[in-house]
Amino acid sequence: MSKDLNSLVGKPWKKPPFIQRGWLRWSLVLGFAVYMVAAVLTIEVNWARVYEGLERGKQFILAFTSPDFASRSGDIWDGMLESIIMTVAASVVGIGISIPIALGAARNVAPLPVYLICRGIIAISRALQEIIVAILLVAIFGFGPLAGFLTLSFATIGFLSKLLAEDIESMDKVQAEAIKASGAHWGQWINYGIQPQVMPRLIGLSMYRIDINFRESAILGLVGAGGIGATLNTAFDRYEYDTAAAILLIIIVIVMALEYLSGIIRERVQ
Amino acid sequence: MPVQDVQGQKVWQRRTGRESLFHWLLWLAGIAVFAYCWQQISNATTWFFVWDAPSIAGDIWRRATPPKWEYITQLGEPIWDTLNIATLGTIIALFLAVPVAFLAARNTTPSTLFIRPIALLIIVSTRSINSLIWALLLIAIIGPGVFAGVIAIAIRSIGFCAKLLYEAIEEIDHTQVEAITATGASRWQVMAYGIVPQILPAFAGIAVFRWDINIRESTVLGLVGAGGIGLQLSASLNVLAWPQVALILLVILAAVVISEWVSAKVRGAII
């Protein structure tokens, strides 16, 4: 130790490197640099087109200062209402379905076969993205909010069941055992031993998922699954930036309001 | 403790009478709202198509299987583009998110009154708009292509990364910062040696986590024309080439699974 110290005295201190092995550090840095060069080179940017576009970009940013809520108010209202309806219905159904699946996907509640089936459902639902599910469901069920509603419900199941199952798995066993010892049957065991422990988390997650569902419902319209997305797409296609800005502002305000609300509710239940 | 009297015997209840009435009303209101929503959806649906759905689904399944495996030779470049969109987008977003996060964190912001609300506004507005909408917007402005996808992913990720990062900055241990300050370090040195080492693990975790999400999102950006494998998907869908669609969906699924595996491994190694 003292020998180490003697040899170090007089030399300025240097930060120890993040990765100790020199060759690994340098090969990682080099590999990253090579990848970056290759990636940047393969991106074709038409700078003339970008330069032309800057004018439109400026117009769009200016449109945010004077959004046009009035001239397409009917379309905006209908689209928003449809988005909200889809969000509410899909959240209710999705949460309703995901609670039993979450119970099935918790190893300390469910037997192994049920566990594997429920985990499989969760994995499928999480791997497929909303927009791809929406495309398939629109092809199967036709245009309209039903496809969007089913998409959002399906996506909710994967998200909520996984996180809820993790919470059930990490719960306090003692309470559940106490309920069981009092002679409760399975339903009472779930209702009084487990449910009170995971309820705060379930409410918090549900609020968060409603927030996500609303945001997602705004894009489902791009593929014909109902909601504000179709109106927004039309506004962009017709270069009506002031209407598009109005829609985006409404989305931002609703998301902010939901986030604020969910913050209050989560604080109260936790 | 709420107790109910049943034939001279006291029975335990979970809630008092008023509480259970309130709960009942809440449930009633909730169910009424749901019923209204369902009615609206039902009115906007052509039920004939829905009853027909199983046969349509079977039909699509028959057309889509087996996937057209030889089409994979044409998917190499789109996959490379998708990877680039996600990676470059994440890197740009991180560069932009770090200053925003420092301006938004209560303990590092230069001014809580003016600059912090602006930083929070940037975070909320970039976060609440989906990357597909950003892509739509950028395509209208700078034209279709991979570049629009990169920028769309970058903008969308700023809010997410900055939010998680500023929460990490607010949770740092203050004694270390004070120790560095006590040595006579300048403001930047305090930043570099007192704050940055504490948030570096969180930063790396956020970066990998967002990269994983961005791989998912960049696979579908092509649907609106912003490059990547989504372009092939929308082209195949438009000509109803279901065997190609099936193959592309399999490739996207593989990409998502691999990226999730990589991100889980890297995060496990860091934290």
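We count from 1, first residue shown onward.
Here the Cβ of each residue, glycine as well, is placed from N, Cα and C on the backbone.
Model, not experiment: these values are computed from the prediction.
Long-range contacts of the transmembrane segment (B:21-41) within its own chain (CB-CB distance under 8 A, at least 6 residues past either end) are made by residues 15. Sequence annotations record features per position, and here TrEMBL assigns transmembrane segment to B:21-41 (among others).
Feature annotation from TrEMBL assigns domain 'ABC transmembrane type-1' to B:79-263.
Proximity of distant same-chain residues to the transmembrane segment (B:85-105), defined by a Cβ-Cβ separation under 8 Å and at least 6 residues beyond the stretch ends, is recorded for 115-116, 118-120, 122-123, 146, 149-158, 161-163, 165-166, 169-170, 191, 203, 207, 210-211, 214-215, 217-218, 221, 226-228, 259. Taken from TrEMBL, the feature transmembrane segment covers B:85-105 (among others).
Taken from TrEMBL, the feature transmembrane segment covers B:132-155 (among others).
Here TrEMBL flags B:190-211 (among others) as transmembrane segment. Counting only same-chain residues 6+ beyond the ends of the transmembrane segment (B:190-211), those with a CB under 8 A from a CB of the stretch are 86-87, 90, 93-94, 98, 102, 108, 157, 160-161, 164-165, 168-169, 172-173, 176-177, 179-181, 259, 262-263, 266-267, 270-271.
Among the features that TrEMBL reports, transmembrane segment is placed at B:218-235 (among others).
What TrEMBL lists as transmembrane segment is B:241-262 (among others).
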